[in-house]
Amino acid sequence: MNLQMIGTGNAFAKKYFNNNALIEQDGFKLLIDCGITAPLALYELGIGMEELDAVLVTHTHGDHVGGLEEYGFQMKFKHGRRPVLLLPEALVDPLWQNTLSGGMTQEGLEKLEDAFDVRALRVGDVQELAPNLCVELVPTSHIAGKKSYSLILNRDVFYSADMTFEPELLTTLVRDRGIRRILHEVQLEGPGAVHTTLDELLSLPEEMQSIIKLMHYADNKEQFVGRTGKMEFLEQGLVYPI
């Protein structure tokens with residue numbers, strides 16, 4: 001399984017695209033989140049949106065879903081098909097009603113299922129997306145009153161959505177679930193009201209830090225190189241075997 005971060009930036013980053021990830025397994029391409037910058041990020045990597053086999057949404061903030069309108073329109077009007085959209089069942093209605101309907105509603109496009117081949121995912125299920133690729137939702141805390149879901153990929157890789165610090169969850173995943181790699185969002189400075197701070201992650205045991213890769217960072221990331229303990233930054237555009 002290969003990981004390519006088409007973007008590694010937080011919602012306000014300008015040097016980096018939105019934190020969205022391309023997972024490829026045996027030719028199957030899964031995009032985790034499709035933020036505002038995703039269409040341009042894919043273009044600059046030479047990847048057409050029509051090459052994606054599915055998009056999976058973790059939560060409904062713009063840096064994670066803001067590119068879905070263009071994706072849906074491109075696929076409908078240029079390629080004549082509804083693309084596969086995977087998302088937690090609790091997000092199906094809010095994604096359309098609160099985010100996409102204003103820009104996408106027109107004759108023949110009156111609900112999410114008109115634009116996308118919607119595949120609702122349930123918490124607790126391990127969903128096989130393709131041969132040798134499965135995903136499990138993990139509810140995690142981000143914004144009060146807004147649901148957000150991190151992911152377990154192929155049973156042993158934890159991919160964090162935007163989330164506050166949950167050390168007990170991370171410990172349980174590693175100790176009891178056999179997680180061998182953690183791809184974790186990070187807020188480099190300030191208090192972690194809705195994100196996990198670097199200082200919080202540095203409080204983890206070094207053994208756990210050594211399996212963590214950092215993403216969703218700010219434009220001043222270069223100032224923190226060498227200051228992340230045993231953790232390393234994921235770099236935008238590079239392909240990592242995971």
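Every residue, even glycine, has its Cβ placed from backbone N, Cα and C.
Annotation comment: Swiss-Prot describes 17-216 as region 'Beta-lactamase-like', evidence class similarity to another entry. The Zn(2+) 2 binding site feature in Swiss-Prot is assigned to H59, H61, H142. The Zn(2+) 1 binding site annotation in Swiss-Prot covers D63, H64, D162, H216.
Locations of recorded Swiss-Prot features on the structure.
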residue: H59; record: Zn(2+) 2 binding site; Cβ within 10 Å: 24
residue: H61; record: Zn(2+) 2 binding site; Cβ within 10 Å: 21
residue: D63; record: Zn(2+) 1 binding site; Cβ within 10 Å: 25
residue: H64; record: Zn(2+) 1 binding site; Cβ within 10 Å: 24
residue: H142; record: Zn(2+) 2 binding site; Cβ within 10 Å: 22
residue: D162; record: Zn(2+) 1 binding site; Cβ within 10 Å: 26
residue: H216; record: Zn(2+) 1 binding site; Cβ within 10 Å: 28
Review point. Hey, for the Zn(2+) 1 site built from D63, H64, D162, H216, who else sits with CB inside 8 A of the CB center?
Key: N10, A11, N18, N19, D33, G35, T58, H59, H61, A161, E185
Check your understanding: In whole Å, how far is H142 (Zn(2+) 2 binding site) from H64 (Zn(2+) 1 binding site) when you measure between their Cα atoms?
Key -> 13
Point to revise | Residues close to Zn(2+) 2 site centre defined by H59, H61, H142, Cβ within 8 Å | key: T58, T60, H64, I143, K146, S148, A161, D162
Check your understanding: Where does D162 (Zn(2+) 1 binding site) sit in DSSP terms: helix, strand, or coil?
Key -> coil
Check your understanding: Hey, how far is H59 (Zn(2+) 2 binding site) from D162 (Zn(2+) 1 binding site), Cα to Cα, in Å?
Key -> 8
Review point. Between D63 (Zn(2+) 1 binding site) and H142 (Zn(2+) 2 binding site), what is the CA-CA distance rounded to a whole number of Å?
Key: 14
Review point. Could you give the Cα-Cα distance between H142 (Zn(2+) 2 binding site) and D162 (Zn(2+) 1 binding site), in whole Å?
Key: 6
